[in-house]
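Feature list (source: TrEMBL):
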type: ACT_SITE; residues: Tyr25; note: active site, proton acceptor
type: ACT_SITE; residues: His102; note: active site, proton donor
type: BINDING; residues: Asn76, His82, Asp89, Ile103, Ser104, Arg113; note: substrate binding site
type: SITE; residues: Arg20; note: site 'Transition state stabilizer'
Amino acid sequence: MTPEYLLILNGPNLNALGRREPDIYGRRDFDSYLAELRQCYPQTKILYYQSNHEGALIDKLYEAESNPGCLGIVLNAGAYTHTSLALADAIRSIVLPVIEVHISNTAAREEIRQCSLIASACKGTITGLGLESYTLAVHYFLHLYLNKEQIHETN
């Protein structure tokens, strides 16, 4: 089946981008960034979900896995990155690839933010590049999909 969409999942407090700690996270809200991202990749359906609740994020991971049209998940788990074994376990239990992204460079932040409980469960991590972290993750998934298509066409 041809993948139909990518899913971007944002965790707690990411609904406040643009006004929450702008010196760390920037002044741009996520909705305007997402509109621009969708314009850059018009051939790709990009779904978006944000929740401040751990269980809702876990439910979305399982929901995406049960939909054969999902190519992969771009996940910014926010503070749950550093605290949620439940989220890490959910990522490990699905077959879809998950790319962990962070707007800020978590390695250069407070000690508690330097440890990611979900990183080892994810395909990869992109951090510290502002909102471009999401763009790079989307680009990765599309590149991965196109390369698989080319491999199948030559066999």
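Backbone N, Cα and C define each Cβ position, glycine as well.
Reduced to three states, the DSSP call for Asp89 (substrate binding site) is helix.
Taking the Cα of Asn76 (substrate binding site) as the reference point, the closest of the recorded positions Arg20, Tyr25, His102 is His102. Ranking the recorded positions Arg20, His102, Arg113 by other CB atoms within 10 A of the CB puts Arg20 at the bottom. Counting in whole angstrom, Ser104 (substrate binding site) lies 6 from the residue listed as 'active site, proton acceptor' by their C-alpha atoms. DSSP assigns Asn76 (substrate binding site) to a strand in the three-state reduction. Sparsest Cβ environment among the binding-site residues Asn76, Ser104 (other Cβ atoms counted within 10 Å): Ser104. Secondary structure from DSSP puts the residue listed as 'active site, proton donor' in a beta strand. Look at Arg113 (substrate binding site): DSSP puts it in a helix. In the three-state DSSP assignment, the secondary structure recorded for His82 (substrate binding site) is helix.
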